[in-house]
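Down below is the structure, laid out as structure tokens.
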Amino acid sequence: MVSYSILAVTLAVFVLQWVTQGAVTAALAYFPPLTAIEPWRMLTVALVHSDSSIFHIMFNMYSLWVLGPLLESLIGRARFAAVYVLSALGGSVAVLWLAPLSIVVGASGAIFGLLGAFFVIQRRLGGRNIQLVVIIAINLALGFLIPGVSWQSHVGGLLVGAACAAIMLRTRRTDQQRKQAWLLAGIGALLVAATVLRLVIG
């Protein structure tokens, strides 16, 4: 499954962070002022976590381990990968706009994107969302209350993940698959455009 593959790669990168004593962290973390010359950091940020506390990666990877397979079984591997990547990018774009001088690490934007997507799908399928709403609300609140936590990334990822799921639900028929792909690509294009705009206006 894609979710387990992402989990394995992220854990491997975390080991490299320790082995290289922060060199990998410095190379992959997202620092908005470097966006114009090292834009890949907007995605690689989801591979690195705080090397000063194991709880950061434990929380994110546990969330991926629990939620990932559930969502992937509902939407398929390719769509799951799209939600994860676009949500990670959405989190970075939010950081670029709202906290342009911060240094960010972690897959939280992508994880919140999965939460947002799962919420939208569960709601459409008529599932009970109370527990999921509580989980999202608590984690969003913690992002605002705990210093050093990038709530901007959480919000950005959540919104993008929810938008991706909404598109998937509205284009579920076989004859709508190409339209779905174009709309998801459109989300990516909008995020890139938002990035360029932020860099232009400074």
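Every residue, even glycine, has its Cβ placed from backbone N, Cα and C.
Keep in mind that this is a model prediction, so the values were computed, not measured.
Residues or ranges marked as domain 'Peptidase S54 rhomboid' in TrEMBL: 38-170. The feature transmembrane segment is assigned by TrEMBL to 53-71, 78-97, 103-121, 128-145, 151-169, 181-201.
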The correct DSSP tally for the domain 'Peptidase S54 rhomboid' (38-170) reads 105 helix, 1 strand, 27 coil
Any idea what the model's mean pLDDT is for the domain 'Peptidase S54 rhomboid' (38-170)? 92
